Every structure is written in structure tokens, then in C-alpha cells.
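The following features are taken from Swiss-Prot:
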type	residues	note
REPEAT	12-110	repeat 'Solcar 1'
REPEAT	119-205	repeat 'Solcar 2'
REPEAT	213-308	repeat 'Solcar 3'
TRANSMEM	17-35	transmembrane segment
TRANSMEM	91-107	transmembrane segment
TRANSMEM	125-145	transmembrane segment
TRANSMEM	180-197	transmembrane segment
TRANSMEM	219-239	transmembrane segment
TRANSMEM	283-300	transmembrane segment
Amino acid sequence: MSAGGEHLKDEGTRRQVVLAGGIAGLVSRFCVAPLDVVKIRLQLQIHSLSDPSSHRNVSGPIYKGTISTMRAIIREEGITGLWKGNIPAELMYVCYGGVQFTTYRTTTQALAQLPHRLPQPVESFVAGASAGGLATAATYPLDLLRTRFAAQGTERVYTSLLASVRDIARIEGPAGFFRGCSAAVGQIVPYMGLFFATYESLRPSLATVQDLPFGSGDALAGMIASVLAKTGVFPLDLVRKRLQVQGPTRSRYIHRNIPEYRGVFNTLALILRTQGVRGLYRGLTVSLFKAAPASAVTMWTYEETLRALQAMEVAAQKDE
């Protein structure tokens, strides 16, 4: 897709787009799973790293930075601790990727049929926001399960994926699967809109540049777009994680002192009052480390998979 700078929305059949999007999400998730676990652990940590007095009566671990957190997890929980929550996350990424790319393609094609075309960046923003919002809502229960498993320490809150679904449904009801969903949609809509608008703007010019880092213009455009969009909406991502672990099991995760939060605005206000503005950006560094390669891997895998599927279709037609 890089060659010639054609747009993401113009290529592939619906089946090819769904399959390529799903595979891209699967590969990307597996590669960045350890960084995702580290990010979640840092986001759920409420005590101040610069104030030793806040560490009193803290029964859980005190993480300081990406590398030291990763080492602590390996030391206390083994190497597999870095892939906690990977099963629901893989399911989420596959479904998310398929819904996202299909919705993006469908929306942009619909916008192209309007009597008066919107400016290209506006079309990309609308399509990206629609794709992100729908994909987030459709896969949110899996996102919540991913967070809860990643937040487990050596004491297991849930013994298995099926057990977690059963327990949440029985104790918290259907609404329990959607804790923090409003923050997620509020985060992902502008994030995906900004991501795709930036990505589509950068791709044509980067497609003609030789010897780019990360192998291709698609990957570099995806990385730059992800970093810019992720930084802008990160506080809502942190709020989402804090809300996802609310409920009767709140005190049983790796950080046992997570406060009780009630809604997005209450969570934002409480974090600002007790932890300051910096509290809204805990885990941002590792989030950017994760977001950039994740988006680069996602877009590169999507492009290459789509190209391979199209080549297979052409070859099959020739054999007929």
C-alpha cells in the first residue's frame, strides 16, 4: 500500500480488510503485551514516587519506571507475568482490528458519495473516530478483562477467563463488563480520529522516501501518528484503567490501595486533588514506547497481509 501512496480506504474487498485487520491486531498485541502489563501496573499505582511518606502502609509493590517494573514482575511472578491478560487481549485485538478497519473503509466510502466532498483531513478524522468508537464499544468487555488479569499479582482474583466472566456477571451484573466505557469511548474517538488523519496525511509523502527507519513509510507514519494522538488523550486512558478495576474485587489486585472512583469526572477530580496533574500521566512513557511500535506493527502487518491476500486472489483467478 505504500507504493504509489494510495489510501487505506480504497484498497481490498471487505473480506480482505477484515482478515488483514484481525491478523494485524493479533500480531501487534503479542509483540507489545509485556509493555501493556507494565503500563497498567503503573497506571493503577496511586502513591507518589517523590514522596516516601506516601509509601507507608502500602502492601503492594512500589514500581519505579518501565525497566524496574518489568524486572520486578519477572522476579515476583515469572516471565509469564508479562503476558497476564493476553488471552482476552488477543481476542480483543483481533475483533477490534476487524471492526476498526471495516468501519473505517465503509465510512470513507460512504463519505465519498456525498454531493459535496469534505476536505481530506476531515474525512479521515470522521472515519477514524467512527471506526474507533464502534470498535471500542464492541470489544469493551474483553478490554476490561484484559486489565483485570494484568492487574493481578501472585494472588489470583480470577482463576480463568470463563471464571472471570461468570463471576463478573453474577456479582456485578452486565454493567460490570462496561465499567469505564464512557472514558474509553471519550478517549478513543478523538484518538483514532487524530491517528488516521495524521496517518493519511503523512503516508503519501513518506511513500516516496527511501531508507526510512522501521522499514517503510506505512510503519513510520503509523508511529508518528500514534505518539501524537496518544499523548493528547492519555488522561482518559488512565481514568479508564482506574474505573475498570472498581467493584467488589478492587482491594485484591496488585495495588490494594486503589481508591473508590465514581464516574469519569469524579475520577479526574480526585486524581487532580490527591496526585496533581502528574497523576494523570502515570505510565505515559511506557505507553508511548508501546503505542509507537504497536501502531507501526499493526499498520505494517495490515498492509503486507492485505497485499498478500490480493496477490493470492490474482493468482487464483489466473489458475481458473
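Using the three backbone atoms N, Cα and C, a Cβ is placed for every residue, glycine included.
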Chain residues in Cβ proximity to the transmembrane segment (17-35) (below 8 Å; excluding those fewer than six residues from its ends, i.e. six or more beyond): 11, 66, 70, 82-83, 86, 89-90, 92-102, 105, 286, 289-290, 293-295, 297-299, 301-302, 305-306, 309
Mean predicted confidence [pLDDT] for the repeat 'Solcar 3' (213-308): 88
Intrachain neighbours beyond the transmembrane segment (125-145), with Cβ under 8 angstroms and 6 or more residues off its ends: 9, 85, 88-89, 91-92, 95-97, 99-101, 103-104, 107-108, 111, 118, 161, 164-165, 177-181, 184-185, 188-197, 244
Tally of DSSP helical, extended and coil residues in the repeat 'Solcar 2' (119-205): 72 helix, 0 strand, 15 coil
For the transmembrane segment (219-239), distant same-chain residues with Cβ under 8 A (at least six beyond the ends): 43, 180, 183-184, 186-188, 190-192, 194-196, 198-199, 202-203, 206, 212-213, 261, 264, 267-268, 271, 280-284, 287-288, 291-300
The repeat 'Solcar 3' (213-308): DSSP-derived helix, strand, coil residue counts: 73 helix, 0 strand, 23 coil
